[in-house]
Amino acid sequence: MSAHLTYCFYGAGSAAEAVVKGMLDKKIALPEHIQMINRSNQERLQELKDRYNVHASNEPELTHEWLRTADVIILAMKPKDAVQALQALRPALESQTMLVSLIAGLSIATIQRIVGPSSVVRTMPNTSSTIGLGATGVCYSREVSEEQYAIARSMLGAIGIVTEVDEKDMDAITGVSGSGPAYVYYIMEALIEAAVSEGLTAEQAESLVIQTVRGAAEMVRITGESPAVLRRKVTSPGGTTEAALKVLQECHVNEAMKAAVAHARARAAEMGEQIGSEL
Ligand SMILES: NC(=O)C1=CN([C@@H]2O[C@H](COP(=O)(O)OP(=O)(O)OC[C@H]3O[C@@H](n4cnc5c(N)ncnc54)[C@H](O)[C@@H]3O)[C@@H](O)[C@H]2O)C=CC1
Ligand SMILES: O=C(O)[C@@H]1CCC=N1
């Protein structure tokens, strides 16, 4: 259904690459139907061409043409660059084009204040989209047609699971699953460090920790049991896990996680407000 469409990635960093890789792996688009634009880094453009066989450029005449003719434009620049990029996009934007924004904090209303009434899909994917295991939150502007909705669903569905939310919840999604992979990596780093300080080699520590995290996530998914139930099954009364969890509780890890997510959510809102205040 969407195989013939052209997707123009406006911004060619890690978020754009994660989505492109996921889409190509699932054959949602052919490489020749994917265009990637960045501001100035030629080396990066060449890397993307070599890696995925997609079109990639920052040459103004060509990229203007891409933005004018694409069926879907994916906004994938940093929030601080969004106003300038959207202002540059405005004259090229055709009424039937759908905008899919990956930008943290940026509201549909702010996008439309700059480019006018248009079909906008506001999403928050994460970098696990690279391997088709993304967790994406999404909401839609009222201009999005049924056909565009189906295109967005197929594109986002190709990179992982998709959760539709009210726009007011997008900043929370950003704090939970958008930034979430970094929290898991942070815990993995800490566990690897702990293993090494207990005398294991770095290689031993890494492979044990990777498999432990992978196995724990798969256990939740495959058994359908909650993390709390599975945690209790690991925790023999008076045993080692109990001793360790007591320390985590004393260190208020639970509260720290809540505060971390709340700060990420607040930062997303703040970045959105900053963009709005530039207008
Ligand atoms: N990195 C992540 O895990 C995730 C990032 N996001 C969002 O994706 C967006 C991009 O993030 P990253 O990929 O991490 O950033 P990045 O810094 O890796 O990439 C940004 C890209 O935008 C390009 N760019 C900036 N201004 C431009 C302009 N005027 N014209 C053309 N290209 C322009 C840059 O050249 C670069 O290719 C952010 O808004 C972020 O909130 C969303 C979900 C996950
Ligand atoms: O750190 C950030 O701002 C972006 C949004 C979610 C993940 N990375």
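Don't overthink the numbers, they just go from 1 along the chain as shown.
Placed from the backbone N, Cα and C atoms, the Cβ positions cover glycine too.
Just so you know, TrEMBL annotations are computer predictions that nobody has curated.
As recorded in TrEMBL:
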type	residues	note
DOMAIN	8-105	domain 'Pyrroline-5-carboxylate reductase catalytic N-terminal'
BINDING	A76, M77, K78, P79	NADP(+) binding site
DOMAIN	167-271	domain 'Pyrroline-5-carboxylate reductase dimerisation'
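All chains included, 13 other C-beta atoms sit within 10 angstroms of the C-beta of K78 (NADP(+) binding site).
Of all the binding-site residues listed (M77, P79), M77 sits in the most crowded Cβ setting, with the most other Cβ atoms within 10 Å. Within 8 Å of the centroid of the Cβ atoms of A76, M77, K78, P79, where the record puts NADP(+), the same chain has further Cβ atoms from G11, G13, A15, L75, K80, D81, A82, A85, L102, I103. When secondary structure is read from DSSP and collapsed to three states, A76 (NADP(+) binding site) falls in the coil class. Sorting the domain 'Pyrroline-5-carboxylate reductase catalytic N-terminal' (8-105) by DSSP state (H, G, I as helix; E, B as strand; all else coil) yields 50 helix, 18 strand, 30 coil.
In terms of DSSP secondary structure, the domain 'Pyrroline-5-carboxylate reductase dimerisation' (167-271) contains 90 helix, 0 strand, 15 coil.
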